[in-house]
Amino acid sequence: FTGDHRQKFYWGHKEILIPVYKNMSDAMRKHPEVDVLINFASLRSAYDSTVETMNYPQIRTIAIIAEGIPEALTRKLIKAADKKGVTIIGPATVGGIKPGCFKIGNTGGMLDNILASKLYRPGSVAYVSRSGGMSNELNNIISRTTDGVYEGVAIGGDRYPGSTFMDHVL
């Protein structure tokens, strides 16, 4: 695919079309209400695309899925994000989840695990983890011993995560 287009997905029996843009400026111009970006770019381009995204003042949170971004570049990203008031989740995050609302990345796993861990509706327990595997285990433990997960986030397993445990707890 080249150029702007729509990608077709299925949600239950419903067909939905998600707009796909060739460049960030077109996407931001057409969707000025957007304030969160989930960056699925590879480690080779995640730094540049994150820096570009931080130039749009409406962006307040960026989740970077890629792992292995060079540490010097990660530290530059963190510094730039602090200056602009942008929260970085990752790099090397499996994502986060707010049951009944949204999930970022692969958090919660496949549909069978989402159902087994009751991640389709909110509970009352929140967690912050560095590890994606630990996040999924916490989803499982919390669902078996409490009324479920209210919100969970994995801040990323690389040496320099873009945010800290306390950033998400407070």
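Including glycine, each Cβ sits where the backbone N, Cα and C put it.
What TrEMBL says about this one:
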type	residues	note
DOMAIN	17-68	domain 'CoA-binding'
DOMAIN	128-169	domain 'ATP-citrate synthase/succinyl-CoA ligase C-terminal'
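Counted with DSSP, the domain 'ATP-citrate synthase/succinyl-CoA ligase C-terminal' (128-169) comes out as 19 helix, 8 strand, 15 coil. Confidence for the domain 'CoA-binding' (17-68), expressed as mean pLDDT, is 95.
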